[in-house]
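Per TrEMBL, the features are:
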{"type": "DOMAIN", "residues": "B:15-425", "note": "domain 'TRAP C4-dicarboxylate transport system permease DctM subunit'"}
{"type": "TRANSMEM", "residues": "B:6-39", "note": "transmembrane segment"}
{"type": "TRANSMEM", "residues": "B:59-79", "note": "transmembrane segment"}
{"type": "TRANSMEM", "residues": "B:99-123", "note": "transmembrane segment"}
{"type": "TRANSMEM", "residues": "B:175-199", "note": "transmembrane segment"}
{"type": "TRANSMEM", "residues": "B:220-242", "note": "transmembrane segment"}
{"type": "TRANSMEM", "residues": "B:248-267", "note": "transmembrane segment"}
{"type": "TRANSMEM", "residues": "B:287-314", "note": "transmembrane segment"}
{"type": "TRANSMEM", "residues": "B:320-338", "note": "transmembrane segment"}
{"type": "TRANSMEM", "residues": "B:406-429", "note": "transmembrane segment"}
Amino acid sequence: AEELRLSHQWSNQDIRNQVAQMVADEVAAADVDLEIKIFGSQSLFKAREQYTPLSRGQLDMTVLPLSYAGGQQPAYNLTLMPGLVKNHDHAARMNESPFMAALEDKMAEDDVMVLVHGYLAGGFAGKEGCITSPSDIDGLQTRAAGKAFEQMLAGAGASIASMASSEIYNAMQTGVLDAANTSSSSFVSYRIYEQVACYTPASDVALWFMYQPMLMNKSTFEALNEDQQAALLAAAENAQAYYLAEAKKEDAASAEVFRDAGVEIAEMSQADFDAWRALAQETSYARFVEETPDGQALLDLALAVE
Amino acid sequence: MDPLVLSGLVALFTIIVLFSGVSVAIGLLIVSAGFLIVFDGTRSLELMPEILFGKLDNFALLSIPMFIIMGSSIASTRAGADLYEALERWLTRVPGGLVISNLGACALFAAMSGSSPATCAAIGKMGIPEMRKRGYPDGVAAGSIAAGGTLGILIPPSVTMIVYGIATESSIGRLFLAGVFPGLMLVGLFMVWSLYSTAKSGDRALLNTRAYTWREKFEILPRVIPFLMIIVGVLYSMYGGIATPSETAAVGALLCLLVAMVIYKLWNPRDLWVVLRDSTKESVMILFIIAAAGVFSYMLSSLFITQSIAAWIAELDVNRWWLMAAINVFLLIAGFFLPPVAVILMAAPILLPVIVTAGFDPIWFAVVLTINMEIGLISPPVGLNLYVINGIAPDIPLKTILLGSLPYVACMVLAIFLLCLFPGIATWLPDYVMGAAR
Amino acid sequence: MTGHHDAVASNTGNNPFLKIVAALSTVAGWVSSAMIVVAVGVTCQMIFVRFVLNQSTIWQTEMVIYLVIAATLIGLPYVQRLRGHVNVDLIPLLLPKRARFYLSILTLSMSIAIMAVMLWYGYEFWHFAWDRGWKSDTVWGVRLWIPYLSLPVGLGLLLLQLIADLVAIVLKIDQPFGLEDN
Ligand code: NA
Ligand code: NA
């Protein structure tokens, strides 16, 4: 059987692995002489080193936060931009919009295509208190996930400390860090609830959404026969529905874990959200437009999604 | 091809290539390239430099050159001599006091250095000639220093613990703490053996060493204070919220360089260059092995060997202690031939899932693994500490050094048994300081 | 025993090629050491900025990572010259002089071949990043061809030093595996 290699950075229990496994299983069941071999937990490539081999055809598939490749295609930075996506249903509409079509054109330049769209959300955690509005983060040593968030939080007066998400736990424990912003799943898998007083998960309004699609090398896809392509696309469609449903559950599940650990759960109000977004407009949005060719047009496309 | 047959082939070729005398890092690259071309086509070959670079792209690796600079800057001063002299003045009534002092000095020095050869060199330079002068047998003089030097990678800071932490995504702060009590236990076992063997030899000369006055005993204490300050400073920085363990290494390096320059007047650029040159040499050697072992593990994973071996061991369904025994024998043999970092990087991805499935604590296992690697450091053909001893005392034949080290190897094996019986020796301190295991 | 000798450089005799390569490797060693020292300084500065001034640290982590990578790659030829890369020389020690000579030619040739391959693809990777104007995905956004440059430079200089080592052995200026006759 023809073999495709899929690399990702997550553990077996992670939804992103389940999405990949689902596609692999359905393709195998379709009996089109095609097998997807999954290399999880960074066992083949490190997280940030997957996009380049994917684009050069040395890796066939991956499930990856697209913003990791923001240094190669600045447009991708829009896929981890504060306040651009409001909730999971809005994210689903994003996936079908002209904005996503424009991003897919950028991916095509690198010989990359999307099989499964998907967004995951995240929140904030504070060692001493809750972080809901910009004034809460002023003067705190903060680890943020993503460049645009670093810019916005710095604009709110936070001091940014960069470190791997695996170091957050230790850094919070010893007091190097006062606050952190990352995905719901990282908050749980790194057991940050043991170190913080308050958690602000993604709920009805949320600031932090990260686009994490399943990608494939375009030439590799086109080299498959019609049956194989059809099987892959059919599997991808089912996986996308599953991904959305699970992504919604994950935020509530993370809040549950924190609550069970005795951590206070805070909620971001619409007014908080608007304040963050106004700040983002001056900081991260402005920087994005500055350093991205046709950045304003892309940002407008993203903001136009209802 | 069946992945298990393939893994046999890889093992065979790796042994042949490494035994040809090519350097370990380049040998790993040669084997990787060979298997990637044959079983994966050229597209994987193209990736090799990118993977090499990527394996070094990790902030925690900074601590390797830093902890090595700590050791080599202090080693270039009289510090090692001061340390063991202070201990000797206080332990003078103890039979075999000089060996005990040297072992104690090794342990203290290990708390400032991340590497074993550096620890061995720092104490051995003064310790070995002094012991021989006072009538200790060559075997005891060389063997105790060779073994004491290995504590460099068990007592924190430790280069190999950092590498293990990176390879297995374990907390480096936790790993460091886990090495403290096993390190002290090992020093204790080494001392007990030394006392016993000196007493048994019945050589009165070893029992009656020079008597020191109280004045002499207190006079030397100020010379030990800078080291205690460095150790406390590093610990405070690491566990007191100033810096992460990787960043702390830089503070330690700076502190040690300052102490060497200010207190020991290491001003001469030529002397400073020697410190830097030796640190650069050891760091680059280790980091190149880390990068090349990364390419090697890419090859193992890409050919599905890692996954197949792990699945195969998991299915064996043997008693977990038999499994642990088999793993220890494997590590011991690998340690005879390969430097510790290479063993850790090649074995950790395969062994870790097996260890965890069998219900062993990965932090505890790091300590067992490290003691295994310490044995490898004093056994031929690649025993870095043996080479250091050989450099200090070229007239002691290798056979004598080896026979002298043998009892200390037995102490290390005993330590592994004790750790299996009482895992708390390793896990209690990290759990106490950093909260229960994750 | 072990192939790890105390900063004993390989012999160059009076051969001008060997001398030039040795000089290049030595300069690379200085550069490598300097980078490690700068990395110490930058890390301490970062801790100061964060802990004492409580301000953001934007570029330090990334800078230190690239310095350590570059120090490693650019240090390779120097460490090769000092015979600092550990090897297992059990078999070479057991072999008679003539066989040891041929074995060292074989291992050096294999090393040269693999480094030539690595240099080729390393250069290609660097050129790719340069050509496409890649940056790192951080606020600092460093142009990646700069840190990637250490790949072709370091691997190229190591290749050169390996070739020099081979030449020295073929011309009998240096001993195979750096082992003395015994
Ligand atoms: Na140590
Ligand atoms: Na050994």
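FYI, residue positions are counted from 1 along the chain as it appears here.
Placement of Cβ uses the backbone N, Cα and C atoms for every residue, glycine included.
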Most Cβ pairs under 8 Å with the transmembrane segment (B:99-123), selected from B:6-39, B:175-199, B:220-242: B:175-199
Does the transmembrane segment (B:406-429) come close to the transmembrane segment (B:287-314), meaning at least 3 CB pairs under 8 Å for residues 6 or more apart? no
For the transmembrane segment (B:175-199), name the stretch out of B:6-39, B:248-267, B:320-338, B:406-429 with the most CB-CB pairs under 8 Å. B:406-429
Among B:6-39, B:248-267, B:320-338, point out the range having the most Cβ pairs under 8 angstroms from the transmembrane segment (B:406-429). B:320-338
Please give the sequence-distant neighbours of the transmembrane segment (B:6-39): residues at least 6 beyond its ends with Cβ less than 8 Å from one of its Cβ atoms. 45, 48, 52, 285, 288-289, 291-293, 295-296, 298-300, 302-303, 305, 308-309, 337-339, 342
Long-range environment of the transmembrane segment (B:320-338) - Cβ separation under 8 angstroms, sequence gap at least 6: 18-19, 24, 313, 346-347, 351, 354-355, 358-360, 368-369, 372-373, 375-377, 379-382, 416, 420
Mean pLDDT across the domain 'TRAP C4-dicarboxylate transport system permease DctM subunit' (B:15-425) comes out at 89
